[in-house]
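Everything on this sheet refers to the single structure shown next.
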Amino acid sequence: MIHLKSFTFLCCFLTLIPSLVRGDCTCEPEDEDRDKSQALKLKMAAIASILVAGAIGVCFPMLGKTVKALRPEKNIFFIIKSFAAGVILSTGFIHVLPDATENLTSPCLNENPWGKFPFAGLVAMAASIGTLMIDVFATSHYTKSHLHKTQQSDGGDEEKTGENENHLPVHTHATHGHAHGSVSMLQPSDSAQLLRHRVVSQVLELGIVVHSVIIGISLGASESPKTIRPLVAALTFHQFFEGMGLGGCISQAEFKCRAVTIMALFFSLTTPVGIAIGIGITNVYDESSSTALIVEGLLNAASAGILIYMALVDLLAADFMNPKLQNNGLLQVGASVSLLLGATLMSLLAIWA
């Protein structure tokens, strides 16, 4: 988490140097139907609807603690998570990456180098590789740490067993030794899987948050009701579906109640806070400036790389290769249809967004 935040901050800092070079065109804001009072009302409605939709979406998969049908081991959970993974994958490919490409190839930027090299693809690829490295290193570190603690605990148990073995029947001790061995073999694996779920949920939330802040600021800074109105509906559904995907990962991570609450609130509030920031900087924010275009483009590209990696590797590959799904043909079909449905619906939102 710390490395990713540092990487994002570094991207913002580095953009200050190339942003000094502007393109030759005069990118004046388009003369749209501007109505500040009407736009402000729509922004307030957007904050409320997106906040509620995000909260419901992220909390829905967590109802497994009270609704048995929604528990991670149930078939319906695979169906819901596949749908949400399709939404996240479509978000990366259809919504975020094209926006990054559009920003970084804008005629408002100098043709050299922005028009001669696909920086959006480069940053997305670098973000995917960086996410992979952090995913592997974090999981490996926590797994080794847990194994070390487990070995120390097992060593203490063996000493205690050795002290008491003269007082136990031979058959009983052998049985205890076998059971103890089985538990020690299963616990590290289960714990490693749990730690991986936790790393996945945190990295996924970071990728979603980066994009959510950007779209929130863009919506909040706009003064055109014609532009804002379709975005309110699109972003409401967008936030709901992304929340479902993140909520599924948080549910599998089995965080404590406090951590779950913080992560859910952080996700739910990100876009509304971004909108509020956009409202506050409406008079000074110029979306066609070279600085805004480069910063938004690089952050969107990085977010797209993270979302695409997480959707394909940590969500879809992990679930579709799960033995439970592999041994159930009907569940495979259901998960595949749910995946395609989620990706299709989220792609269609690009028409209005």
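Every residue, even glycine, has its Cβ placed from backbone N, Cα and C.
Because TrEMBL annotations are produced automatically, they should be read as predictions rather than curated entries.
What TrEMBL records for 158-168 is compositional bias 'Basic and acidic residues'. Per TrEMBL, region 'Disordered' is recorded for 147-185. Sequence annotations record features per position, and here TrEMBL assigns signal peptide to 1-23. Sequence annotations record features per position, and here TrEMBL assigns transmembrane segment to 47-64, 76-97, 117-138, 262-285, 297-318, 330-352.
Sequence-distant neighbours of the transmembrane segment (117-138) (same chain, 6+ residues past either end, Cβ-Cβ under 8 Å): 3-4, 7, 11, 97, 100-101, 103-105, 199-200, 203, 207, 297-298, 300-306, 308-310, 313-314.
Same-chain residues lying 6 or more positions outside the transmembrane segment (330-352) and placing a CB less than 8 Å from one of its CB atoms are 75, 78-80, 82-87, 89-91, 94-95, 230-231, 233-234, 237-238, 241, 316, 319-320, 324.
The stretch in closest packing with the transmembrane segment (76-97), judged by the count of Cβ pairs under 8 Å and taken from 47-64, 262-285, 297-318, is 297-318.
Within the chain, the transmembrane segment (297-318) has long-range Cβ neighbours (under 8 A, six or more residues past its boundaries) at 4, 7-8, 11-12, 15, 81-82, 84-86, 88-89, 91-93, 96-97, 99-104, 119-128, 130-132, 135, 200, 203-204, 206-208, 210-211, 214, 245, 249, 339.
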